[in-house]
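Structure, as structure tokens:
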Amino acid sequence: MGAYQENDLHKKALQLFKKSINEELQQNQATYVTVLKSCAHLGDDYLEDGKEIHRHAIAQGFGTDLVVQNSLIHMYAKCGSFKFAAGVFDKMEPKNLISYTSMIQAYTHTAKHVEAYELYKKMLSEGIMPDIYAYAAALAVCPTIREGEAIHVKLGNHERRTPVCSNALVGMYGRFGRIASAKWVFDGIRYKDLASYNNMIAVFAKYDDGSKAISLYIEMEGRNLEPNLWTYTSVLDACSKLGALTEGKEIHKKVKGGDQPTDVAYNTALVNMYAKCGSAHEARAVFNDCGLKNVFTWTSLMSAYSQPGQSQYRLEAYQRMNCEGVIPDDVTFTAIFNACSHSGLPDEGLLYFRAMREDHWIVPLQPHYTCMIDLLGRVGRLREAEELVRTMPYSPDVVTWTILLSACKVYGDLKIGARAYKRITELNPPDSGPYLLMGNMYAKAGKWADVAEVKKMIKQRGLAKPPGKSMIEAQRRIHEFVCGDTAHPLNQEIRARLQEVHEQLSHAGYEPDTKEVLVDVNEEVKPELLLFHSERMALGLGLLTSDAGATLHIVKNLRICPDCHSFFKLVSKMLHRKVLVRDSHRFHIFQRGSCSCGDYW
């Protein structure tokens with residue numbers, strides 16, 4: 001039985017235990033501990049087996065055995081029955097360090113983090129000194145970074161001798177967004193195990209440093225550490241943020257070709273990866289194949305249907321979700337509203353908005369109102385959008401007013417745009433993005449005195465536009481570019497290729513829109529500034545490193561500029577390339593000279 005348990009043959013261990021019961025063999029403490037471990041590994045579906053083992057242990061006189069009771073707490077927690085775990089713990093007398101640690105972990109397993117940390121403090125008050133496992137359990141639930149750092153101080157050099165606490169410290173620092181501290185602890189682990197890499201990869205993926213997450217995953221593979229489902233789930237999250245479709249497909253292929261069963265977190269991450277990479281067909285296929293789904297899986301599927309002509313699939317998914325008894329949450333409706341907005345379906349979006357309140361009793365939050373304002377603005381219903389900004393039960397923030405201003409820019413409504421801009425300046429945002437939007441509106445209207453006033457305000461307030469960054473996946477690496485980048489090893493080749501493309505497009509009638517360049521430089525310099533925007537640098541690398549006709553996937557952290565948008569449309573036509581760009585607002589699928597956004601973003 002012990003051999004089965006140690007080699008992860010938990011069902012066989014359980015079968016052997018049942019056989020020994022049928023043969024009326026005498027059990028001992030070690031037998032119960034072993035079979036309870038196997039039952040814990042098997043999880044929720046084996047709760048009734050765990051209860052049967054518990055009843056047998058009581059009948060054999062082991063019901064009050066401290067070691068067996070500790071194993072029972074662990075088993076009940078892993079099998080999803082916190083009530084029974086707490087029942088065993090409450091009746092225990094005396095309790096030891098393992099008892100408390102097991103119960104803290106049981107609280108953690110059921111997301112009762114406050115109760116878990118309170119129990120840790122109670123253990124300390126009773127004079128029980130934690131070991132590395134108790135410290136690790138406390139680090140997973142400590143409510144503030146200050147308390148986490150206090151535990152780190154208590155640990156001293158423990159973390160340098162074992163990865164248990166080091167891994168917990170990486171997770172704790174990551175939970176509070178202290179990425180540098182998490183990386184410092186990770187780098188100090190002498191013998192890194194799978195959990196070490198999993199924790200650090202998850203931290204990078206969570207805080208939008210996907211390229212480092214993927215690099216660490218590749219490093220882990222180079223050390224012959226076998227990834228598990230948690231690894232793959234985190235890397236898929238990173239791929240979704242980077243648009244790294246090739247790497248995401250490789251993971252999908254590995255997991256599908258293996259014998260490891262998937263879970264709902266992995267399934268959701270996989271659907272989300274395909275959705276975020278603009279592959280709605282693959283997202284739907286994966287969704288239909290996976291057995292385990294939850295509301296987040298359904299939401300990921302619906303977010304995939306954000307292009308014109310896909311509204312029927314989104315509606316079908318929403319109806320199927322309701323029929324299967326899955327209750328949508330506020331995130332589900334955010335995805336639905338965004339999809340309706342990008343598909344240009346305001347009336348459908350308004351119906352969902354009403355259903356959210358009347359059918360599901362979900363109170364709309366500010367992000368939902370912001371989505372509806374965007375929805376109305378995209379189709380030119382600017383007065384309705386402005387009215388909703390003024391009447392919604394939340395104070396409009398910079399994001400809300402900027403969305404309205406963006407719509408005004410598209411439709412050339414200086415009157416409403418000026419009102420939105422005035423409110424933005426009163427809120428004094430830290431970046432120049434909204435100011436540049438208004439400046440572009442004035443420039444297109446030929447109001448150069450007003451353009452000068454906008455520039456003056458930007459200078460007086462010391463504002464700066466967040467640096468634009470674009471990424472593209474090539475040769476199993478994520479390559480990142482900024483505007484005018486010269487750091488890439490293929491810099492000269494990229495620039496030469498872009499110059500070639502520029503000349504080719506110029507013969508077809510392309511002229512750079514230098515009105516989009518508001519920086520104070522000579523007119524002769526402006527076309528060059530546009531040519532080497534970050535998204536074009538990424539495009540240049542893609543053209544150099546991919547096969548003819550291959551689809552290019554680019555991710556940009558800001559909104560794609562209008563001139564680059566025109567440039568990419570012509571590239572798709574003249575070079576016979578499909579180019580998918582995911583900017584901060586939506587997907588753009590450039591194909592045969594047009595864009596899926598319908599020139600609205």
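Glycine is no exception: its Cβ is also placed from the backbone N, Cα and C atoms.
Annotation source TrEMBL lists domain 'PROP1-like PPR' at 5-149.
The DSSP breakdown of the repeat 'PPR' (96-130), given as helix, strand and coil counts, is 26 helix, 0 strand, 9 coil. For 96-130 (among others), the entry in TrEMBL reads repeat 'PPR'.
TrEMBL lists 193-227 (among others) with the feature repeat 'PPR'. Residue counts for the repeat 'PPR' (193-227) by DSSP state, with H, G and I taken as helix and E and B as strand, are 26 helix, 0 strand, 9 coil.
Taken from TrEMBL, the feature repeat 'PPR' covers 294-328 (among others). Mean pLDDT, taken over the repeat 'PPR' (294-328), works out to 84 on the 0 to 100 scale.
Panel annotation: around the repeat 'PPR' (329-363), residues 295-296, 298-300, 302-303, 305-311, 314-315, 318, 321, 371-372, 374-376, 378-379, 381, 586-587, 597-598, 600 of the same chain, lying at least six beyond its termini, place a Cβ under 8 Å from a Cβ of the stretch. Residues or ranges marked as repeat 'PPR' by TrEMBL: 329-363 (among others).
The domain 'DYW' annotation in TrEMBL covers 509-601.
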Just give the helix, strand and coil counts over the domain 'PROP1-like PPR' (5-149), going by DSSP.
107 helix, 0 strand, 38 coil
